[in-house]
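A.B. asks: Pulled these features from TrEMBL for this protein:
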ACT_SITE  His32  active site
ACT_SITE  Glu81  active site
ACT_SITE  His85  active site
Amino acid sequence: WKKLYFAHHWPVTVCKMNANDCHDPPKYWTIHGLWPDRAEDCNRTWHFNVTEIKDLMSDMRHYWPDLLHSSLNHTQFWKHEWDKHGTCAATLQVLNSQKKYFGKALELYQHVDLNGCLLKAGIKPSSSYYKMTSIKEALTDFYGVTPKIQCLPPEEGEKAQTLGQIEFCFTKELQLTNCTAPKGESNPMQAHLKFGTEKLSVCSDTLPTYYPSEVQ
């Protein structure tokens, strides 16, 4: 693999997509995962062991919650992320244990500070719409790189897309880099993230964009 996608999702949108066990979602961006761009399930024998991250537990619950299964213990979500992505990321020395992988993701979360960046740019959850281009410009100005922004497409009768996920790309040296794939290179991570029947896809530049403050 060549780069890492560090995905943040907006809890209110995740809940809108899955109105099952979602109540009172956090009002800040949380971690979805840290994903090598071209590898999945690299080592099926390296089992997730929650005791290895017990020192990280309070941060994990706060910044990397399982939004869909709030009542279960959170470990299913983390186990899934480790099995599918962490075992692949572990080819890097800085990510080669569960503690390092989850710990480094938490560090990157603080470093990126997406919540702070959006607030500084005056972009906050609102009932009025944003232009996708102004959200993009704010992020690109702040970080100096182009992130990948995903939305929930409009449902029938809606005219706006709903902001759902923002991914930052990092090189193997953990430096921020553009998420746009060079022309002609297909991006395997494009396989849409499915939540129930709804799915996120790359936001349209032309549709009005809703950044919801509460689950409708």
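Cβ atoms here come from the backbone N, Cα and C positions, even for glycine.
Where the annotation comes from TrEMBL, it is an automatic prediction and has not been curated.
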A.B. asks: List the residues of the same chain that sit at least 6 positions away from Glu81 (active site) in sequence and have their Cβ under 8 Å from its Cβ, in sequence order, or write 'none'.
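C.D. replies: Set apart from Glu81 (active site) by at least 6 residues yet with Cβ under 8 Å, we have Gly33, Leu34.
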A.B. asks: Rank the active-site residues His32, His85 by the number of other Cβ atoms within 10 Å of each Cβ, and give the residue at the low end.
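C.D. replies: Ranked by other Cβ atoms within 10 Å, the active-site residues His32, His85 bottom out at His32.
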A.B. asks: In whole Å, note down how far the CA of His85 (active site) lies from the CA of His32 (active site).
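C.D. replies: Here the two Cα atoms are 11 Å apart.
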